[in-house]
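Peer 1: Pasting a structure here, questions to come.
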Ligand code: FPP
């Protein structure tokens, strides 16, 4: 099995999973959070090098105060618990997104976790928090403008330079993007980085997405013919992209 180097996941369906069981949406988020540990471990066992999950978007602030508060509580607990998880899995953790919008104690926990795990190398785990691709690109452009003004950046902007200003600087682009729970959209996730990523959509809600489901997604990825806009000599298929 050809295992993707980088898998990006949109964690969707916690709320519906909980409602179906007559439970509050927050219970779904708790289960979804527990599942992160399962999937990190599974990814590591399968040999995935980079795993990026979309946990809170720039648009998620629109949810009820009760739900947002519940998610913040979960992030608080998880970021602390993750110190142990990162050591156990030799997992480097990095948060992408504008986390300056969070309470100071959450920001401090992020810095602590990133610093603690910076030398772990087996799995690179990125958590997107207050992340939106358009926001990320605008922040990058504004930092480029500031650097140009200060003389730190000169000449034409290349793809490499632009990529280096994104939150994902230094992280290879995703090979496979998985979205759970049936919605067929990208929801402002890694738009620049996913120019050539293969997409896999499943109806399985995030709390039920286990190692077997991850293997199923990777098997489907193995059926794809990645041509990056070119044409493969040996390919009998006549499609051009
Ligand atoms: C999207 O849809 C999911 C979220 C906004 C939150 C995802 C959060 C977690 C998996 C848990 C916490 C994560 C970390 C990093 C600690 P939805 O799940 O609200 O579901 P719906 O589409 O069924 O309403």
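Here the Cβ of each residue, glycine as well, is placed from N, Cα and C on the backbone.
TrEMBL lists 12, 198 with the feature Mg(2+) binding site. As annotated by TrEMBL, active site applies to 12. The annotation substrate binding site is assigned in TrEMBL to 13-17, 25, 29, 57-59, 61, 63, 179, 185-187. Sequence annotations record features per position, and here TrEMBL assigns active site, proton acceptor to 60.
Any idea what these are sitting next to in the structure?
Peer 2: When secondary structure is read from DSSP and collapsed to three states, residue 198 (Mg(2+) binding site) falls in the strand class. Long-range neighbours of residue 198 (Mg(2+) binding site) (same chain, six or more residues apart, CB within less than 8 Å of its CB): 175, 176, 177, 221, 224, 226.
Counting only residues at least six positions away in the same chain, the Cβ atoms of 179, 180, 181, 182, 183, 205, 206 sit under 8 Å from the Cβ of residue 12 (Mg(2+) binding site). Following the DSSP three-state reduction, the secondary structure of residue 12 (Mg(2+) binding site) is coil.
Residues near residue 60 (active site, proton acceptor) in space but far in sequence (CB under 8 A, at least 6 apart, same chain), listed by position: 68, 71.
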Peer 1: Are there any residues at least 6 positions away along the chain from residue 58 (substrate binding site) with a Cβ closer than 8 Å to its Cβ? List them or say none.
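Peer 2: The list for residue 58 (substrate binding site) reads 97, 98, 130, 131, 132, 135, 188, given in order along the sequence.
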Peer 1: Based on a Cβ-to-ligand 1 distance below 6 Å, what subset of the binding-site residues 179, 186, 198 would you report?
Peer 2: none
Peer 1: Identify which of the binding-site residues 17, 61 has its Cβ surrounded by the largest number of other Cβ atoms within 10 Å, counting every protein chain shown.
Peer 2: 17
